[in-house]
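S.K.: So Swiss-Prot says this about it:
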| type | residues | note |
| --- | --- | --- |
| CARBOHYD | Asn207 | N-linked glycosylation site |
| INTRAMEM | 360-371 | intramembrane segment |
| INTRAMEM | 372-379 | intramembrane segment |
| LIPID | Cys243 | S-palmitoyl cysteine |
| MOD_RES | Ser23 | phosphoserine |
| MOD_RES | Ser322 | phosphoserine |
| MOD_RES | Ser437 | phosphoserine |
| MOD_RES | Ser439 | phosphoserine |
| MOD_RES | Ser446 | phosphoserine |
| REGION | 1-30 | region 'Disordered' |
| REGION | 1-128 | region 'Tetramerization domain' |
| MOTIF | 372-377 | motif 'Selectivity filter' |
| TRANSMEM | 165-186 | transmembrane segment |
| TRANSMEM | 221-242 | transmembrane segment |
| TRANSMEM | 254-274 | transmembrane segment |
| TRANSMEM | 288-308 | transmembrane segment |
| TRANSMEM | 324-345 | transmembrane segment |
| TRANSMEM | 387-415 | transmembrane segment |
Amino acid sequence: MTVMSGENADEASAAPGHPQDGSYPRQADHDDHECCERVVINISGLRFETQLKTLAQFPNTLLGNPKKRMRYFDPLRNEYFFDRNRPSFDAILYYYQSGGRLRRPVNVPLDMFSEEIKFYELGEEAMEKFREDEGFIKEEERPLPEKEYQRQVWLLFEYPESSGPARVIAIVSVMVILISIVIFCLETLPELKDDKDFTGTIHRIDNTTVIYTSNIFTDPFFIVETLCIIWFSFELVVRFFACPSKTDFFKNIMNFIDIVAIIPYFITLGTEIAEQEGNQKGEQATSLAILRVIRLVRVFRIFKLSRHSKGLQILGQTLKASMRELGLLIFFLFIGVILFSSAVYFAEAEEAESHFSSIPDAFWWAVVSMTTVGYGDMYPVTIGGKIVGSLCAIAGVLTIALPVPVIVSNFNYFYHRETEGEEQAQLLHVSSPNLASDSDLSRRSSSTISKSEYMEIEEDMNNSIAHYRQANIRTGNCTATDQNCVNKSKLLTDV
């Protein structure tokens, strides 16, 4: 190895074998110098050799920045030593050689290779490309409010795992949702059901009919429902004013479900008040039909649990990622229903006791047969109809089985991504900086070696520099174009 300081470069150029006539421009000398410079990298005993210009393509990385890699230099062996994973470095070095292409070796686990990417500081862009190649779905960024109190409120209501009070609020919210769903179901029991078509009781006193009309505001179910709606409204309003973006707030499907969950209550309340004030019996039947439809919307409150349930979130993400496969499944079922309903109709057309009066009437039979449900309310009686029914069931099994592996694969991906430990969580939320400041480097250096050890290494390196410079000058085996220069900001080695 030949090592020399930048301040002695002119002296070395005067030695035998170094041109002095100026026939070679300095720029050309510098280019040849850069071309011939090589560096040895030792990865746990396995030595790699490459050119410095290859590493210099990415100056913000650990190997591409001379200051960053300086603390790993071994002056006695004239190489950089890293006690890291060997198989991973093949891909790391190829990243420099290929100009930015990163491929994980098949024998290196995903989390281990991610740690190597972070150690060599390849940057967030390289990590994102790596995750994309590995099949990771890019997660949406979730910005936080800028104001401190607004951020605290947002974390309190939006992220239950952020603090203890946030968990308490999440538990209260889940309990209120469950109570609301239980009330929605219990009020339909015959023993507790209040007939909305006639909300009153008749008593006869001295040949006089007295009608006592029940008041909805005294109904226990309505009172409990009101308390639940108060909590839902409070939670929605607080999260709206604390959210970082009002536009993104309304784009979130969960917030849309929250709004839909409370609208039926206010519509029902307004309708009841209008009926009591107007007392128009002619419009009562119409309003009751509308109210029944509106009350049905309350069942969507069960989806509010997905805000606090990882399982429901995984299911939703799986369905969202599998929309193409689900669309193909529905399309195949649609084709099968048309084909087999038509076939069974014509196969049973001559049968007097046929259950299939028309092709649309046979749609139901085709659907339940292809999904292998088979209610038995409609069935073929002829031999031809039974053959069609058998083919319909077989085709249904094959049709449903085709997209299932893709959907299961998506579910496994989202499930493992949500349930794996902190190590995988760091992989999915990695944010490695592109640049490291000198203060960070000094802190990391101090944590690696002590000051006395560093001074000893520096002294040995200076002695090595002087030794190799004198040896090369005496032998005259090196020229100015293949000399290695060492100064305060740059360390170059030649092997």
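A Cβ is built for glycine as well, from the same backbone N, Cα and C atoms used for every other residue.
Help me see these features in their spatial surroundings.
M.R.: Within its own chain, the intramembrane segment (360-371) has Cβ neighbours under 8 Å at 333, 336-337, 340-342, 344-345, 378-379, 389, 392-393, 395-396, 399-400, counting only residues six or more beyond its boundaries.
Within the same chain, residues 355-356, 362, 364-365, 389, 393, 396-397 sit at least 6 positions outside the intramembrane segment (372-379) and bring their C-beta atoms closer than 8 Å to a C-beta of that stretch.
Within the same chain, the residues at least 6 positions away from Cys243 (S-palmitoyl cysteine) whose Cβ sits under 8 Å from its Cβ are Pro145, Trp154, Phe249, listed in sequence order.
The Cβ of Ser322 (phosphoserine) lies under 8 Å from the Cβ of Pro403, Val406, Ile407, Asn410, each on the same chain and at least six residues away in sequence.
With a cut-off of 8 Å between Cβ atoms, the residues of this chain six or more beyond the transmembrane segment (165-186) that come close are 155-157, 159, 192, 221, 224-225, 228, 231-232, 235, 295, 298-299, 301-302, 304-305, 307-308.
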S.K.: State the non-local partners of the transmembrane segment (254-274) in its own chain: residues 6+ outside its ends, Cβ under 8 Å from one of its Cβ atoms.
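M.R.: Non-local partners: 216, 225-226, 229, 232-233, 235-236, 239-240, 287, 290-291, 294-295, 297-298, 300-301, 303-304, 306-307.
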S.K.: By DSSP assignment, list the helix, strand and coil residue numbers for the motif 'Selectivity filter' (372-377), in that order.
M.R.: 0 helix, 0 strand, 6 coil
S.K.: Does DSSP give Ser322 (phosphoserine) helix, strand or coil?
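M.R.: The residue in question, Ser322 (phosphoserine), is coil (DSSP, three-state).
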